[in-house]
Amino acid sequence: MKKIIVLISGSGSNLEAIAKACQNGSIAGSIELVISNQPNVKGLERAQKFHLMSNVINHKEFDSRESFDKALLEQILPVEPDLIVLAGFMRILGKDFTQAFEGKLINIHPSLLPEYPGLNTHQQAINNGDLMHGISIHYVNSNLDDGPIIAQGALKIDPNQSEAKLINRIHKIEHAMYPKVIEDISKGYISLKNGAVVYAKESHFSSNHMEFFNV
Ligand code: GAR
């Protein structure tokens, strides 16, 4: 059983999807710890609902990125995690942190990377008249929303739909794909070797995996 730590900053709907997949046994692992950099967020309530251990490390209480990362490390290291999952974690992690967990740190981002790293991805896609929008799941390196892509999911933008509706549709893709990627990592079907993603034949995914969703 792999030991998983999930880092969140907000609603935690991806955390919930992952917790369910751990509970029903499709992920060969368990969430040992949830850490939020924001107090009082819904994700912490969800953690409680699934009886997961959770902690807040409020970034506002630290005067530098390094000291925040150090506090994070102090919580993470004793757990000896096999995988750290960023699920709506909205802090940039420093190079020392990302290098310490190279190949064990994954992120989900609501855009078809390299398009739209950073914030407000949905509105940017709408404003630019894009036909497609989507999500990317990737190993994390020291750059923002960057690193080897494991899988991407896409949908067709309806120009008459609101941003809220688009976010909702994007979440459906995230909740379908993130647990599956974590399942494959937990079973050793996906890994990072020499900076490249390696897929076993048993994996749900393969290189340049782009799945279209009619959601
Ligand atoms: C998700 O859409 C995730 O892709 C995004 O935050 C949302 C969190 O939702 N992450 C990023 O933007 C990271 N750059 P959730 O808290 O309900 O899982």
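Backbone N, Cα and C define each Cβ position, glycine as well.
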Residue in ASN40, ASN107 which TrEMBL records at the (6R)-10-formyltetrahydrofolate site where ARG65, MET90, ARG91, ILE92, LEU93 also bind:
ASN107
Excluding its own, the Cβ atoms lying within 10 Å of the Cβ of ARG65 ((6R)-10-formyltetrahydrofolate binding site) add up to 14
For HIS109 (active site, proton donor), the same-chain residues 6+ apart in sequence with C-beta under 8 angstroms from its C-beta are PRO117, THR121, ILE135, SER136, ILE137, HIS138, ASP145
Residues among the binding-site residues GLY12, ARG65, ARG91, ILE92, LEU93 that border ligand 1 - Cβ under 6 angstroms, in sequence order
GLY12
Neighbour count check, CB within 10 A, over binding-site residues SER13, ASN14, ASN107; minimum at SER13
Neighbour count, 10 Å Cβ-Cβ cut-off, for GLY12 (N(1)-(5-phospho-beta-D-ribosyl)glycinamide binding site): what number do you get?
26
Within 10 angstroms of the C-beta of MET90 ((6R)-10-formyltetrahydrofolate binding site), what count of other C-beta atoms is obtained when all protein chains are considered?
13
